[in-house]
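A.B. asks: First, the structure itself, so that you have it in front of you.
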Amino acid sequence: MTQDELKKAVGWAALEYVKPGTIVGVGTGSTAAHFIDALASIKGQIEGAVSSSDASTAKLKSYGIQVFDCNEVDELDIYVDGADEINSQMQMIKGGGAALTREKIIAAIARKFICIADASKQVDVLGKFPLPVEVIPMARSYVARELVKLGGLPEYRQNVLTDNGNVILDVHNLTILDAIALENKINNIAGVVTVGLFANRGADVALIGTADGVKTVELK
């Protein structure tokens, strides 16, 4: 199976977790796009969705799925999204698609976080994939200097603004052994909106696409 076929398999497998009559949290990226395709097949059974990006919102609306503002929703039953990396503790690096802040907000209000990913995203130690940090533009240089102090090599993501109007620093050269501590440390730097470490709020279930089919991993 190609990587895209693996992504499609996990996107459709996530339908099993969608309960009728609920509002579904939907992520961003190529794997989440397959989940939106799948969700469209049962759109008459759900109330609608909350979306983590303008791109996902447009795709949901193109299928006629109602998209709710996050402020209209107290709690979501599930949030389904991909990951750039996921470890055995269900901690993730996310934000390759620059939607990390909205993704983190939706994850916070969801009872269950379903991570959908192909097997290439599974790692023993987080950090090979550059860690995205969303930063208020005027703080870019200061935050970059602080990230260097933490051992990182931050790179300004050129010509990219988040849906919130901020910039992204991608931090290379990290071996993340304590993801919760690093998430807290980076989030405390003035000017950081959020870091793409999902460790304090990791995944509850991971659906991993492999050549042998979709494997389900649950947080122990």
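Here, residue 1 is simply the first one shown, and the rest follow in order.
Cβ atoms are placed via backbone N, Cα and C, with glycine included.
These figures come from a predicted structure and were not determined experimentally.
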A.B. asks: Report the candidate from Lys59, Lys121, Lys128 that shares the substrate site with Thr28, Gly29, Ser30, Thr31, Asp81, Gly82, Ala83, Asp84, Lys94, Gly95, Gly96, Gly97, as recorded in Swiss-Prot.
C.D. replies: Lys121
A.B. asks: Just to verify a number: CA distance, Lys121 (substrate binding site) to Glu103 (active site, proton acceptor), in angstrom, no decimals.
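C.D. replies: The separation of the Cα atoms works out to 18 Å.
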A.B. asks: Between Ala83 (substrate binding site) and Glu103 (active site, proton acceptor), find the distance joining the two CA atoms and give it rounded to the nearest Å.
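C.D. replies: Ala83 (substrate binding site) and Glu103 (active site, proton acceptor) have their Cα atoms 11 Å apart.
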A.B. asks: Please list, in sequence order, every residue of the chain apart from Thr28, Gly29, Ser30, Thr31, Asp81, Gly82, Ala83, Asp84, Lys94, Gly95, Gly96, Gly97, Lys121 whose Cβ lies within 8 Å of the Cβ centroid of the substrate site.
C.D. replies: Gly27, Ala32, Ala117
